[in-house]
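Annotation source TrEMBL lists Mn(2+) binding site at C110, H112, E146, H170, H370. The domain 'Peptidase M20 dimerisation' annotation in TrEMBL covers 188-289.
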Amino acid sequence: MTNNEVIKAKIDEYFDRTVAWRTYLHENPEVSDREYKTAEYLKKECEKLDLIVEDVANTTGFTALLDTGKSGKTLGIRTDIDALPILESENNLKNKKTVVSKNKGVSHACGHDSHMATLLTTAKILTDFKDELSGKIYFIFEEGEETGGGIDAMVEHLKDKDLDACYGNHQSPFLEVGQIKVLKGPSHAGCAGVEFDVIGKGGHGSRPDKCINPLTATANIVTALTTAWVNQLDVSKTVTFGLGSINGGSASNVIPDRCNVKGTLRFFDDKAGEDALKVLKEVVNTTARVHKCYVEFSDYTRIVAYPTINDPDLAEKVITSLNDIYPTSLLDGNPTYGSESFFGYSKLCPSVYTKFGVRDEKNGISAGSHTPEFDINPEGIKYAVGLQVKFALDFLKGAFDD
């Protein structure tokens, strides 16, 4: 059999185990930065594969090393391990789900259970190929992707591992099973959190002249953020501001002391995002002062994630591997405005992030991520594993070397 046929045969051979891994992880989700039982389960599974497990300081994250004992390149392959504080529905958009969270109020509504099952299966297959390989593979299990809580510690942990490349992937409910999206350049937007309180002086609604109304100031701030703020940005660099929450007062005849505002900025250029956040603060402060109010920004008002930018050369190599093993799977397209902690790995080495399809609309599997009805068709995992294994083999065997 050809290498591709062997890979596909092994994916089929181990698929029951893949589904079992995904089922356990889906039924037992844990929220970001508290993935204690999840990490212990994953470590035990990695140790069964004779991988060398190393904890990441002060997090639940860890790495598992496959060392061939022969000199060569070093590849990182990453998964996230956290779930979301979302109560899962027992049904998708049409049918009853095959597996549902047992931890009420917490669920893998972003599909990280499928990512973990993908990486465990990839590790299992690559250990079978160990004698054919040279170099090292670090399987990376990252804490708290949803909060960004684990990326800094993981980058610190990996900085002396001399990675030559890092690969990551994510399920997509918008791609059909068998489709895989690989972009050259921007993959995900950066994100800045925005939260502030506009503070005035409260009082009875009958005497607004005796008060300093933070609601009036807030209304003008929001208006200013659609005009003065936008007009100070480079029009060639896309930046968006999404207003998510305004909360101030609870009675019709009482003027409150403060009003809370929350939102996010999204951007694809580091400097554009930093400049936008600076201008936003200036506009908010200046407008508040006009109304004799002042502003307190929370610690959330910061760059939460920089853009995830796929290295073009590495992305081309992944596309080469994909076209070889699954010639009809490749999709191009536009980057997403959602954000990802995977950007951190580009600080260490060339990195690439792909999307694999889990959509199966005829069976009700088409709800978006972060919704109670979110579901996946596990058959999509086969393609994610196939590409990871194929690329890892090509990369470590020198298939891309000049």
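For all residues, glycine too, the Cβ spot is worked out from N, Cα and C.
Feature map: TrEMBL annotations on the structure.
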residue	record	contacts (Cβ under 8 Å, 6+ apart)
C110	Mn(2+) binding site	A83, L84, E146, Q171, S369, H370, F374
H112	Mn(2+) binding site	L25, T79, D80, I81, D82, A83, E145
H170	Mn(2+) binding site	G111, H115, E340, Y353, T354, K355, F356
Secondary structure tally of the domain 'Peptidase M20 dimerisation' (188-289) (DSSP, helix then strand then coil): 37 helix, 36 strand, 29 coil
Fewest Cβ neighbours within 10 Å, where candidates are the binding-site residues E146, H370: H370
Where H170 (Mn(2+) binding site) falls in three-state DSSP terms: strand
